[in-house]
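A.B. asks: Handing you this structure, nothing more for now.
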Amino acid sequence: MKPFRPERARLQHEVRATVRLALPLIAAQLAAIGSNVIDTVLAGHVNEHVLGAVAVGANIWSLAIVSGIGMMMAVPPSVAQLDGAGRRPEVGAVFHQALWMALGMGVLLWFAVRHAEPLIDFIGVTPSLRHDVQRFLLAISWGAPALTCYFALRGLSEGLSLTRPSMYFSLGGLVLLIPLGYVLMFGKLGIPPQGAHGCGVATAIVLWLEMLAFGIYVAFRRNYRGLGLFERFEWPDLRRIGQLLHIGLPMTVTLLAEAGLFVATALIIATLGESVIASHQIAINIASFFFMIPLGLAMAITVRVGNAVGRGDEQGVRYAGFCGIGLTLVTQLVSAGFMLGLPHFIATLYTRDPKVIMLAAQLIMLAGVFQFSDGIQVAANGALRGLKDTRVPMAITLFAYWVVGMPVGWWLAFHHGMGARGMWIGLIAGLSVAAVMLFTRFWRSAWKQRWRRHLSITAAA
């Protein structure tokens, strides 16, 4: 093993490059959270029934979003490695197949969302809400192909280290959603009130507008020239699509495993009473908001590591990965300090109920504790994606979340009478195991150079 002695100048360069890539991605992720907030606020101002229907429908739709994002996560490292290797004219061929994969995935998600009755039955949606939940899902399902194609375009752009367009179009969609959702849900400009159905229609329209605007932007901007994007039409190439699936499918499973852990935790906590549910919702809301920062950094780390792999730069792989993880720890120190230092203040921003504030403050402090492990696991996973290493991380997350996290949480919650706090300690345990194992995986990969095998396979293709 060669010694790794970081040089100050190169460290500074890597930090600046990562931050420059990450800031627009963080803004884009916060905009994505913002769209959920807008839907919830608008629905709540219609009436409680519409709010309930949108809340249930949005949770089901979120599974489609996670699946689409996971599959399209194959695009940034594939493009970044070609860009780093100076093989930009080959990017178009990869992107064409990514678009075919996105279209197929979009149609599959369209069908799944429109036939979500078994999931609605499993959740136990009340009969009074069921009709409007289904109408919401039928409307928003039309946005599924646009969603996956949008993430293919976003993956192309981010793989080329062009992250600002993701911010522009995410924020633009957020701005459009407010008036469109208002008109359709409340019934303005001569349109009858659509309620939850109007929320789904508005979101689907915005998704299509975002995707089309991003496509036009890519077609006419100089930054995307010389990539072979529009020189010729390409039919689906099963070999190339298989290579993308090889990366994207494990990422989809990984994201669904993590999302499933938090959904299952929420469902279990829902059996403990209304005040406990409210406290959990407050804590998970603030934790989800701050999670967008390390998630944006992780996306930037993927690109920086992928570029270094493309150059065949073993030191660059280490600089990109470890600088990114270090930056993530710094941001997590700030968010953890905020949650650990001001838990009661944060809780009072959401409610005035003393009982809810007391428990929410305890859960917010636990959220502050897992900021470090959550940051390390998402950053290390981002670095491993840059190496196109996704199958072993998938196994690690499945083990950490479902073999460690969920059983520990259940045991503490119900066998030790710790309730919601026990479930949250289970989350800490699962995230901590994932953080240690994923960081170790990247550490070993960065020195053993497993990534060179992936590079040689890509070059041969």
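Glycine too: its Cβ is placed from the backbone N, Cα and C atoms.
Features from TrEMBL:
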TRANSMEM  21-38  transmembrane segment
TRANSMEM  50-72  transmembrane segment
TRANSMEM  93-113  transmembrane segment
TRANSMEM  133-153  transmembrane segment
TRANSMEM  165-183  transmembrane segment
TRANSMEM  195-220  transmembrane segment
TRANSMEM  241-270  transmembrane segment
TRANSMEM  282-305  transmembrane segment
TRANSMEM  317-339  transmembrane segment
TRANSMEM  359-380  transmembrane segment
TRANSMEM  392-412  transmembrane segment
TRANSMEM  424-443  transmembrane segment
A.B. asks: Report, as numbers and ranges, every residue of the chain located at least six residues beyond the transmembrane segment (392-412) whose Cβ falls under 8 Å of a Cβ in that stretch; write 'none' if there are none.
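C.D. replies: Residues 250-251, 253-254, 257-258, 260-261, 264-265, 268, 377, 381, 384, 418, 421-427, 429-431, 433-434, 437-438, 441.
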A.B. asks: Three or more CB pairs closer than 8 Å, sequence separation of 6 or more: does that hold for the transmembrane segment (50-72) against the transmembrane segment (241-270)?
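C.D. replies: Stretch pair touches.
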A.B. asks: With Cβ distances under 8 Å as the criterion, find the stretch in 21-38, 93-113, 317-339, 359-380 that has the most pairs with the transmembrane segment (165-183).
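C.D. replies: Checked against 21-38, 93-113, 317-339, 359-380; highest Cβ contact count belongs to 21-38.
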A.B. asks: Do the transmembrane segment (282-305) and the transmembrane segment (359-380) come close, with at least three CB pairs under 8 A (pairs 6 or more apart in sequence)?
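C.D. replies: Since 3 or more Cβ pairs under 8 Å link them, the transmembrane segment (282-305) and the transmembrane segment (359-380) do come into contact.
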A.B. asks: Which bits of the chain, at least 6 residues beyond where the transmembrane segment (241-270) starts or stops, bring a Cβ under 8 A of a Cβ in it?
C.D. replies: 59, 62-63, 66-67, 69-75, 77-78, 94, 97-98, 100-101, 276-277, 280-281, 284, 381, 385, 388, 390-391, 393-394, 397-398, 401-402, 405-406, 409-410, 413, 419-420, 423-424, 426-427, 430, 461
A.B. asks: Restricting to the same chain and to residues at least six past its boundaries, which positions have a Cβ under 8 Å from a Cβ of the transmembrane segment (195-220)?
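C.D. replies: For the transmembrane segment (195-220), the list is 35, 39, 42-43, 46, 49-50, 53-54, 57, 132-133, 135-143, 146-147, 149-150, 153-154, 156-157, 165, 169-170, 172-173, 176-177, 180-181, 184-185, 187, 229-230.
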